[in-house]
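Participant: Have a look at the structure that comes next, please.
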């Protein structure tokens, strides 16, 4: 915690007063989620969980994360166009991970048929932690890059105003003035709007592909409203709606209930549990269409952990981004150690290292969704032994990858959740930078950072995001 907060973090009376103001401010600002008891109803809502105080973030690392985002946009786009790289990198994964394998089969099928899509939209979020070295120096280390359904760009657009008021209530008016403006919702909508424009059909709609259960609907509505303000019509559909109502014409234009769809923005489709046979057929229909998919299936595959691990190998970035040495240097400076568990000499060597010292590593699965990494003295040991086999260094399943376990410096804060008691916790934070790019054919017509997201959780939790009920929304206070 920044030194400025130490005089209030233990002042229980000041904290109680500030927390009451903060909750009302969050409700007033629209930092909202539907409740777990009534996830389909917007007439019973509560505030999304958030920190009482903004968290200290090193200014230099914050600026570094922003500076490299356009490079990561460029990289993701390059990967999505490189069939050979995706094929080679995911060869071992698709043997053991049926979900990735089915995505890959659709990818190949669409390529074989010939892409109807000519405009490509990427909305991603690169997530980082601040790794504290033995000398106390913090370094920016990438956790992952999310290429599908990167969430909370809407609610975080409203969270800074809440923290600004809290600081004023606590007598920190000068500090409140230093909180940065932040509006990812506007930046994400800018990318969607540009893709819609380039699609070239003014009467076509933008379709948000959404979950069956939509507790986080207000986060999505923030982006929707930005599009409506640009007079771009938005519809919300589920996979089952696509299966029942979707169709392609002879030019592979996508229609839903007779309305042409220019852009499909996925807020669903990143975990295996949502796919039954009908939903897989709906996904294939969408991918075959001329509509701009965000992401298209190649870009979703570019976000797998196996791809992230392959990028850390010497020479890989140079092959993907020839002629961009400065971008490569900026990207590589953010990498944490990532290690392959593929069968073979390298996998055996890494397996032996992990078995000997499991607390050095975090085991990362391929899929997204939060709450699926394993780390810590007990969890790490159990999972490493379960994966590698007792007394053996062979690697039977090359699905997950290993990453060096990072050691961010904890700070004190209060995590405000509905119906929870107010207590101070030791916390760590994760910084996400949203990126947006649009490509038409081979021309990159938009490439920018679109805002940031800070999430904070108590140190006892190894993994999990806001939607998973572990982390909470936060605002960076640059130091």
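Yeah, the Cβs are placed from backbone N, Cα and C, and that goes for glycine too.
In TrEMBL, annotation is done automatically, which means it is predicted and not curated.
Below, the features straight out of TrEMBL:
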- 125, 148-151, 214-216, 220, 267-270, 455, 466-467: substrate binding site (BINDING)
- 144, 305, 430, 457, 463: ATP binding site (BINDING)
- 144, 146, 368: Mg(2+) binding site (BINDING)
- 204-302: domain 'Glutathione synthase substrate-binding' (DOMAIN)
Participant: Near residue 125 (substrate binding site), which binding-site residues out of 146, 305, 430, 457 have their CA within 10 Å?
Facilitator: 146
Participant: At the Cα level, what's the spacing in Å between residue 270 (substrate binding site) and residue 146 (Mg(2+) binding site), rounded?
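Facilitator: So the alpha carbons of residue 270 (substrate binding site) and residue 146 (Mg(2+) binding site) sit roughly 10 Å from each other.
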Participant: Limited to the domain 'Glutathione synthase substrate-binding' (204-302), I'd like the whole-number average of pLDDT.
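Facilitator: Its mean pLDDT is 98.
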Participant: What Cα-Cα separation, expressed in whole Å, is found between residue 430 (ATP binding site) and residue 220 (substrate binding site)?
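Facilitator: Here the two Cα atoms lie 21 Å apart.
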Participant: Looking at the binding-site residues 144, 305, 457, which has the shortest Cα distance to residue 466 (substrate binding site)?
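Facilitator: Given the candidates 144, 305, 457, the nearest one is 457.
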Participant: How many whole Å apart are the CA atoms of residue 151 (substrate binding site) and residue 144 (ATP binding site)?
Facilitator: 14
Participant: Identify which of the binding-site residues 146, 151, 220 has its Cβ surrounded by the largest number of other Cβ atoms within 10 Å, counting every protein chain shown.
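Facilitator: In terms of Cβ crowding, the pick is 220.
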Participant: Roughly how many angstrom lie between the C-alpha atoms of residue 144 (ATP binding site) and residue 268 (substrate binding site)?
Facilitator: 18
Participant: Of the residues in the domain 'Glutathione synthase substrate-binding' (204-302), how many are helix, strand and coil by DSSP?
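Facilitator: Helix, strand and coil residues of the domain 'Glutathione synthase substrate-binding' (204-302) number 40 helix, 26 strand, 33 coil.
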Participant: Near the Cβ of residue 144 (ATP binding site), how many other Cβ atoms are there if near means within 10 Å?
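Facilitator: A count of 19.
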